[in-house]
Amino acid sequence: MNMPLLLLIAIVVVSLSHGNGEQTDLTRETFPAGFVFGTASSAYQVEGNALQYGRGPCIWDTFLMQPGVTPDNSTANVTVDEYHRYMDDVDNMVRVGFDAYRFSISWSRIFPSGLGKINKDGVDYYHRLIDYMLANNIIPYVVLYHYDLPQVLHDQYKGWLHPRIVRDFVRFADFCFKTYGHKVKNWFTINEPRMMANHGYGDGFFPPGRCTGCQPGGNSATEPYIAAHNLLLSHAAAVRTYRDKYQAIQKGKIGILLDFVWYEPLTDKEEDHAAAHRAREFTLGWYLHPITYGHYPETMQNAVKERLPNFTREQSEMIKGSADYIAINHYTTYYVSHHVNKTSISYLNDWDVKISYERNGVPIGKQAYSNWLYVVPWGIYKAVMHVKEKYKDPIIIIGENGIDQPGNETLPGALYDFFRIQYFDQYLHELKRAIKDGARVTGYFAWSLLDNFEWRLGFTSKFGIVYVDRSTFTRYPKDSTRWFRKMIKSEV
């Protein structure tokens with residue numbers, strides 16, 4: 001008997017005797033009929049084969065060439081090799097009982113040069129993935145853009161800082177609609193545009209690493225707003241293309257994924273309530289207000305003034321109503337209080353808030369492995385109800401929700417993720433409460449399927465419900481997958 005098989009037997013035996021407290025009163029039947037349970041990933045984090053099979057470089061490939069960008073100096077050149085092992089991953093979804101898989105298409109795998117010559121290997125890969133999903137009754141939810149701009153477009157015209165990006169993104173989107181739209185009925189244009197605008201152009205934490213004082217250059221007072229403006233226009237123009245050319249025939253839907261931390265006032269002071277309002281407007285409202293009402297929030301207009309770009313009348317009309325559903329990526333909640341910091345002008349300082357993780361010495365919630373993530377289940381209820389009440393009661397999808405563990409945990413201990421089971425159970429209870437109170441939530445995607453490459457944290461942080469042995473790429477489902485199976489399939 002070989003060692004991998006012996007290890008697998010040991011894991012199964014220990015797991016069965018581990019007593020992981022998986023009981024829950026949640027079942028599929030406690031959610032509305034047709035509610036979609038799924039899991040999620042992104043191309044850059046799971047595919048690997050970064051410069052193989054015709055794929056061109058993206059801005060993350062270039063960014064990660066610098067030593068020390070990730071704590072473990074890891075890259076996503078190989079990551080968890082879903083490019084070759086997508087069948088294993090879909091099979092695991094089927095075993096759990098998931099209805100859907102949210103994944104992204106790598107722009108530079110389809111168009112290595114941003115546009116122009118098509119990479120047939122890349123096109124064929126996504127056909128294989130989608131076809132295998134459909135053959136196994138897993139619904140594709142496809143994201144067109146998840147952080148991974150083709151490097152050539154940044155080199156040519158600074159990417160999201162230039163209006164030309166709108167035209168190029170629409171051409172890429174149009175190709176995807178035309179090529180996959182007869183099989184894909186659920187689209188998202190862009191994942192977390194705020195994160196790209198802030199980290200790519202505000203503090204330099206993400207590629208292209210631009211900010212005031214950053215080595216590549218930049219202006220933290222203006223560039224985040226310019227990038228966000230072009231991201232919004234790209235989203236809206238892609239939605240218009242889909243609706244004008246494809247939606248009536250393909251009968252699909254299209255939306256956007258927006259990150260949303262819930263911001264709770266630190267005290268009952270009026271100024272802290274105003275600070276929490278500003279924080280929500282400068283994050284979710286930055287994108288969802290234009291999509292709902294056709295213009296930026298007045299809070300931002302008053303604070304940012306001439307640094308905030310304006311929409312033309314035509315652009316405003318194009319953006320307003322440019323989503324069939326809104327996906328919210330929600331993980332955590334913070335306290336905020338009023339605080340003016342004018343030592344420098346930047347997107348983050350424009351909020352005039354201070355973020356806190358405790359009140360009167362009491363933490364807002366238990367901290368996960370990541371120092372930004374606290375377990376605050378009631379935050380998802382407030383976040384969802386805020387979207388319902390402020391943005392005309394849209395159809396809502398929870399696009400991401402999850403918690404991480406240290407990346408150095410190994411087998412079999414890494415499989416015993418009771419803390420993750422507790423997180424999912426508590427957050428789903430609060431989500432169910434929001435649905436009961438009238439929120440039109442139609443789906444929930446757990447982040448993430450796999451222990452994959454976690455951006456600036458490399459492999460030191462793991463959000464997956466499936467452990468991946470990176471020496472063999474063997475997948476080992478964690479206890480949380482069994483919890484989901486019992487909940488979704490209503491098993492005793």
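Any Cβ shown, glycine's included, is placed from N, Cα and C.
Small disclaimer: the values here were computed from a predicted structure and weren't measured.
Feature list (source: Swiss-Prot):
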- 1-21: signal peptide (SIGNAL)
- N73: N-linked glycosylation site (CARBOHYD)
- N77: N-linked glycosylation site (CARBOHYD)
- E192: active site, proton donor (ACT_SITE)
- C211-C214: disulfide bond (DISULFID)
- N310: N-linked glycosylation site (CARBOHYD)
- N341: N-linked glycosylation site (CARBOHYD)
- E400: active site, nucleophile (ACT_SITE)
- N408: N-linked glycosylation site (CARBOHYD)
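Cβ neighbour count for N310 (N-linked glycosylation site) (all protein chains, 10 Å cutoff from its Cβ): 11. Within 10 Å of the C-beta of E400 (active site, nucleophile) there are 24 other C-beta atoms, taking all protein chains into account. Taking CA atoms as the reference points, the residue listed as 'active site, nucleophile' and N310 (N-linked glycosylation site) are 31 Å apart. N408 (N-linked glycosylation site) is 28 Å away from E192 (active site, proton donor) when you measure Cα to Cα. Cβ neighbour density within 10 Å is lowest for C214 among the disulfide-bonded residues C211, C214.
Here N408 (N-linked glycosylation site) is compared against the recorded positions C211, N310, N341, and the shortest C-alpha distance is to C211. The two recorded residues, N77 (N-linked glycosylation site) and C214 (disulfide bond), show a Cα separation of 25 Å. Of all the Cβ atoms in the protein chains shown, 13 others lie within 10 Å of the Cβ of N77 (N-linked glycosylation site).
Cβ neighbour count for N73 (N-linked glycosylation site) (all protein chains, 10 Å cutoff from its Cβ): 11.
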